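Asks: Handing you this structure, nothing more for now.
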Amino acid sequence: MICKRLPPIAARYRAKFALGGGADKSLRQKGNNSSSCISTKGTRNSSFPFFRRELCSFSAFIPPPPAVTVERKQTQQREYSQLQNNSSIEQAQKMSEFNTIARPSTHGKLLEDKTFFPDLPGRGPLTPYRKQATVDWRKLKLCFHDEASLALQHRVWAFARKHPLFAHPNHSLTMDEERHLATKRMYVVQNEKMFTMFDYLERPDLATIYHQAWLAYEPSLAVKYSLGFGMFPSVVRTLDVGRLDEIVERNATGEYLGAFGLTEIAHGTNAKGMRTTATYDPAAGEYVLHTPDFEAAKCWIGNLGKTCTHLIVYAQLYTADGKHHGLNAFVVPVRDPTTLQAYPGVTVGDLGAKAGLQGVDNGFVMFRQYRIPRDNLLARTGDVNEQGEFVSPIKDPAKRFGASLGALSGGRVGICGLANVYLTKALSVALRYSASRKQFGPDDSEEEWPVLEYQSQQFRLFPHLAANQVIRVFNLWFAKAYGDMQLKMLGGENIGATGMEVHALSSAAKPVCTWAARDGVQECREACGGHGYLKLSTIGDLRGNNDPNCTYEGENNVLIQQASNWLLSVRSKGYEKFAEVSPLGSARFLAQYATLSKRKANWAGATDAGSIANQLDALDWLVAYLLEESFQKMSALKQQGKSSFEARNDVQSFFARTLSITYGERMLLDVFAKFLAHLEAGPERQTLERLGALYGAGIILRHVGVFYQGGYFAAQPNAMALLQQAVLDLLPTLKRDAIAIVDAIAPPDFILNSPLGMSDGDVYRHMESAIMQAPEALERPKWWRDVVQRDYVQSKL
């Protein structure tokens, strides 16, 4: 079957994006009048109907389109700095790494805005904790936002709360019902164009806010939308050479729904081993796609199971002379957009039920000598000319393959934040529940204590709350850094070193962040006891929905090797090279290895052990120590005759894997420390410092054996005891502010959607309402006769 290409309209599309053209001129005019397309009231500027009408919305995964100038970027950055903090330009500039407000106390008018900071319930079980808090939850919330991000988040949640299609069902849906509802919601969101490509160009980091806001509401919708109208057009724009503009336009209107297909049944992480082929037929000017067997079927593709029309397929490219040119990406129509029937030559199906994200239709596809036009190759990294010859500006096949996957690098950056959304919701439920539920009490009193008063409950939940805040700040920084890198690249700047560091850092941070969410959500489930196991608590759904974060965009245990590979590669050239290859600063400190390696702990007491500065000193040493140990271990293995492949394999456990984890953990805390350094003094910063110290102490305690093994605690034999005491000292001080912290990070009750975690703390009333209103809760089962009559049981008499 030949998929005919639609009539080209690329010229019209490109004219809208042309540098110096009409759209660009309009953008410049707008830049003189408004600092953001998202106003402080959550309304939108409608001066650009083309952008509002035709461009697809973007998720946290999306790099920007190929039309932006450095001048525009610089102008927008200046405008947003002014928006963030008009009263203190210098301080706002210091926080430009995060796009947050450094001095919340100077924003009195914003703090009084009930749109963003509604009054909390004045009565109920949570009231005593709110009264004893030392922090203002509104100021704490503002530490993580600016006005534009608050407006965008509110816009999303207000839309969901008011639209009838987004009302929460009062009963469990079947898988088909979940997918149907998620699909309808996806198209409604796509039609609204709340966050467009133009918005992304102004503030790339707001894409993270936008996607996380939808994920907090309902993850299946968010994932389908991101894949179909975010990732798909983004990858096409990034890798296309102007031949497939119409497909992008029809995707933007909703006529085409996209998906992304790399993984195969028998090959996931080892992408080079994939076996789907695309053979060029020069006589017809077409590629012939073929799947040799079921093991080579593309699978786990979101939107493919039931709904997508077009798919980005990675296939092994062969020219007519039989030469192999590696894995390349193609845009492949798989279903008729008017009937959703698969085209002849395409076998497409659904993978069935999963442990979570049931609303996402993950599917598989097989091709039987299926033909697509020559233009459907995404040819930025390599093309086949009309003579049937493969040509590429990148001669090295490995580098060419890496470049073709470069459009995906933002995925791991985004996943760090997505996982933290799940953790935020779980902590909001568990901590509010812990403050509301009372059990036992002192022997001399009949009054029961909230379970949050017990040290054991604090010890199991507060470290996860600390990790949540550290990861939150890291995500703000990483989203901003990644967005800036993309704009620099598209502005013509060389971002080679930054790109390599982003790849390495995201390969470490994604496992660290998703494992933190996995462990934290599970602890929250257990901390809520039996009620936490009820589906109505929503924690079970959070657990199942977060789980795939540990797998897609790189299975954590395999992905994390990319970080240690980079560190070891730089180490082989000498430690001084780290000063040149780490523009983001994640590894620059390693250039001082000679000094770091001699460092020893010298803590006078628990206060020193709980100092973030001292903890970072320790983590600097730890990463340096593990890097050198891993390097020497690998060198020794090679000297024993092992290949580089075998040496890398044999150095993972206890060495390279731990190196990658500590490299990621150290960077999270380092970014958090920089954030605190520029935050105004006050109780909010003090509370965040305590959370950072608790996170740092937890890292060191997890790796305490390595510290003793390497001699860092040689002069501090009681280091572990000091760390333990530091943790115990932090717990009661954090307890005072725990509910205020939750108030600052929790989404509205409609979004949180858990009777156990409502803002009024009235757990049992909300449970009663949910249980009593559930369909058939008070009715006998339809199969009651099988209980009473039991005629299916054979009598033994």
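Cβ coordinates come from backbone N, Cα and C, glycine included.
Those TrEMBL annotations? Automatic predictions, nothing curated.
Take a look at what TrEMBL says about it:
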{"type": "DOMAIN", "residues": "259-368", "note": "domain 'Acyl-CoA oxidase/dehydrogenase middle'"}
{"type": "BINDING", "residues": "Thr263, Gly302", "note": "FAD binding site"}
{"type": "DOMAIN", "residues": "406-568", "note": "domain 'Acyl-CoA oxidase C-alpha1'"}
{"type": "ACT_SITE", "residues": "Glu553", "note": "active site, proton acceptor"}
{"type": "DOMAIN", "residues": "612-789", "note": "domain 'Acyl-CoA oxidase C-terminal'"}
Asks: Name the residues of the same chain, 6+ apart in sequence, whose Cβ is under 8 Å from the Cβ of Thr263 (FAD binding site)?
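Replies: Same-chain residues close to Thr263 (FAD binding site) (Cβ under 8 Å, separated by 6 or more) are Lys298, Cys299, Trp300, Ile301.
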Asks: Here are the recorded positions: Gly302, Glu553. Which has the lowest count of other Cβ atoms within 10 Å?
Replies: Glu553
Asks: Could you state the CA-to-CA distance between the residue listed as 'active site, proton acceptor' and Gly302 (FAD binding site) to the nearest Å?
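Replies: Between the alpha carbons of the residue listed as 'active site, proton acceptor' and Gly302 (FAD binding site) there are 13 Å.
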Asks: How does the domain 'Acyl-CoA oxidase/dehydrogenase middle' (259-368) divide up by DSSP, counting helix, then strand, then coil residues?
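Replies: Secondary-structure composition of the domain 'Acyl-CoA oxidase/dehydrogenase middle' (259-368): 6 helix, 51 strand, 53 coil.
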